[in-house]
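Visitor: Below you'll find the structure I mean.
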Amino acid sequence: MLAFLAEQPLLTLFLIMAVGLAVGKINVFGISLGAAAAMFVALGLSAANPDIVVPAFVYQFGLAIFVYVIGLNFGRSFFEDFRRRGWKMSMVVIVFFFLLAGLTTLAMRLFDLDPAISVGTLAGSLSSTPGMAAVVEALGGDSTPVVGYSLAYPGCIIGTILVAAIGAKALRVNHVEDARAEGMIAEPLEWRAVRLTRDFDATVGELQEVTGERVIATRHVNNPHNHNLAYPELPLRAGMELLLNGTAPALDSAISQLGEEIHLNLHEEDGLVYRRLTVSSPRVAGYQLKDLDTVKEGFLIARVRRGDSDVVPNEETVLHYSDRVRVITAPGRLDDVRRFLGDSEAKLGNVDLFPFALGLFIGLLFGAIPIPLPGGTTLSFGFGGGPIVVGLILGALGRSGPINWQLPFHAKQTISTLGLTLFLAGVGTSAGGQFRDALSDPTSLKYMGVGIVLSLVSAIGIIAVSMLVLRLKFDESMGIAAGMTTNPAIMAYLNPQTGTQLAERGYATVYPTAMIGKILMCQVLALLIV
C-alpha cells in the first residue's frame with residue numbers, strides 16, 4: 001500500500017488532506033488540531049516510507065496563497081497599527097532572535113554539538129526553511145544543517161501548539177471577550193432617537209466629530225409620520241429629531257451630549273424603509289463611502305456587516321465584495337439602490353480571479369528578487385515572504401484604478417484554508433524521511449532536546465513579554481509567537497480554537513520582520529561558529 005502511494009503523489013496528497021482534516025476535527029479535552037493535523041499525517045506517512053513525497057511545488061503554492069490572503073485581510077490594519085505599536089512587536093521578535101542565537105551557541109559548547117547541525121537545529125526550532133537554505137548556501141552547499149533542521153522542525157510545531165493549548169487553559173482565556181476588547185468583534189448595534197436641545201456649529205455629517213463617538217444619523221424626523229434621510233449637510237439645530245445608529249455605550253454618550261432621548265416607532269408609511277443588501281457591484285466594491293456619494297443615489301448606509309461583525313460606517317469605510325449593508329431609502333428608490341450595490345449572490349459566486357492571480361504573481365516575483373548582502377551572499381523574500389509583503393500593500397491600497405485587489409469574504413476564507421492544507425500536506429512529506437533517518441542515531445536526541453528548548457523559550461518568552469510589557473491579549477501574543485516561526489501549521493491550530501482573527505493580526509504584524517530576521521540570523525551565526 002505504501003509503495004502504491006509513493007507512485008501516486010496526487011492521490012496521496014488528497015488522502016493526507018482528507019485524513020488530516022478529519023483527524024483535525026477530533027476534540028480531546030477541548031483541544032483540536034484543525035488543519036494542522038494534515039502535517040502530522042504527512043509526516044507519519046513519509047516516515048513510514050521516505051519515497052512518499054508530495055512535489056515541492058504543492059506546498060510552495062499552498063504557502064503563497066495562504067500568506068497572500070492574510071496580507072489582503074490585514075493590509076489596512078497592518079500599516080495603521082505598525083506606527084502605533086507594530087514596531088514594538090517587531091522589536092520584541094528581533095531581541096528574541098539574538099537570545100536564541102546565544103542559547104544555540106551555549107548549547108553547542110555545553111553538549112559538544114556539531115556547529116553546522118546546531119545552526120540547522122536553530123532554523124528548525126523556528127521552522128525556518130529559508131533560514132536553513134541560507135545556512136546551506138553560506139556553507140558552500142554543505143547539507144549537514146539539514147539534519148538538525150529535520151530533527152527540530154516537528155518539535156517546533158508540537159511545542160508551540162502545546163504552549164498555546166496549555167496557556168489558554170491555564171490563563172482561562174476568553175477568546176471572544178479578548179477579541180471584542182481589542183475591537184476585532186464589534187458590539188451589537190442599536191438605534192435610538194434623540195431631540196437636540198441646543199444649536200451646534202456643525203452638520204449631521206460631523207456627528208462623530210461633535211460627540212467623539214462612532215454613531216451615524218440616518219433619519220431626520222419632521223413629525224412621527226414624515227421621515228427624511230438625514231442628509232450630511234443638514235445643520236444641527238435645537239429641536240431637530242434624529243435617529244442614530246451605534247453601540248449602546250456610544251449612543252448613551254452621544255445622546256447625553258446632544259440632547260434628550262425620545263420614543264420613536266418605525267413604519268414604512270413614514271416615508272423611509274430599511275433593508276439588508278449585499279455588495280456585489282464592481283463599481284462599488286473597493287471604494288470609500290465618501291467616494292460613492294450615496295446621498296446622491298438616494299440612500300444612506302447605517303451598518304456594514306463583514307463576516308459576523310456589524311459596524312457603524314464613516315466616510316472612510318471601504319466597502320468590500322460580500323459586505324451586507326443596511327440601507328435607508330424611500331420605498332420607490334429601493335430597486336435603484338439594489339441595482340447600484342449589486343445585491344447578487346450569483347455575481348459573488350463568479351469570482352474575478354484576475355486581480356488575485358496578478359497580485360500573487362507580483363508577490364512571487366518580488367520574492368524571487370535576490371538582495372545582495374555583505375560577504376557575497378544574497379537574501380530573497382521567497383515564495384512565503386514575497387506574497388505576504390505584496391498582499392499587505394495591496395490590502396492597504398484596496399483598489400488600483402479599475403483593479404479591486406480584494407476578494408469576497410467567503411472566497412478568501414476558502415482559498416486561505418485550501419492553501420494552508422496544501423502547505424501542511426506537502427511540507428510534512430518533505431521532512432518525514434530525514435526525520436526517520438536522524439532518529440536512528442542516538443545523538444540525535446541531543447539535537448531534538450535543544451530544538452524543543454529553543455522553541456519553548458521562543459514561544460513562552462514572546463507570550464510573556466507581549467502580555468506583560470506590551471499589554472497584549474493572549475491570542476495576539478500567541479499570534480506573534482506563531483509569526484516568529486512563520487509557520488502556518490500553528491495558525492491552523494489557533495484559528496479554530498479561538499474563533500477570532502486576533503491571533504492572525506499578531507501573526508501578520510511580525511511575519512515580514514520574522515522572515516527576514518531568521519534568514520539573517522542563521523546566515524550570520526553559521527559564518528561565525530561553523
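Using the three backbone atoms N, Cα and C, a Cβ is placed for every residue, glycine included.
Not my notes, these are from TrEMBL:
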- 260-343: domain 'RCK C-terminal' (DOMAIN)
- 12-45: transmembrane segment (TRANSMEM)
- 57-79: transmembrane segment (TRANSMEM)
- 91-111: transmembrane segment (TRANSMEM)
- 151-171: transmembrane segment (TRANSMEM)
- 353-373: transmembrane segment (TRANSMEM)
- 379-397: transmembrane segment (TRANSMEM)
- 418-435: transmembrane segment (TRANSMEM)
- 447-470: transmembrane segment (TRANSMEM)
Visitor: What parts of the chain pack near the transmembrane segment (353-373), using Cβ distances under 8 Å and only residues at least 6 beyond its ends?
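Guide: For the transmembrane segment (353-373), the nonlocal Cβ contacts are 64-65, 68, 71-72, 379-391, 394, 403-407, 415, 520, 523.
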Visitor: Among 12-45, 57-79, 151-171, 447-470, which stretch has the highest count of C-beta pairs below 8 Å with the transmembrane segment (91-111)?
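Guide: Against the transmembrane segment (91-111), the leading stretch is 447-470.
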Visitor: Just to confirm my parser: what is the rounded mean pLDDT across the domain 'RCK C-terminal' (260-343)?
Guide: 84
Visitor: Where among 12-45, 151-171, 379-397 do we find the most Cβ pairs under 8 Å to the transmembrane segment (57-79)?
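Guide: That would be 379-397.
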Visitor: Sequence-remote contacts (6 or more beyond its ends) of the transmembrane segment (447-470), Cβ cut-off under 8 Å?
Guide: 85, 88-89, 92-93, 96, 99-100, 103-104, 107, 111, 113, 117-118, 121-122, 124-126, 147-148, 151-153, 155-156, 159-160, 163-164, 167, 438, 476-478, 480-481, 484-485, 506
Visitor: Would you list the DSSP helix, strand and coil counts for the residues of the domain 'RCK C-terminal' (260-343)?
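Guide: So the counts come to 18 helix, 30 strand, 36 coil.
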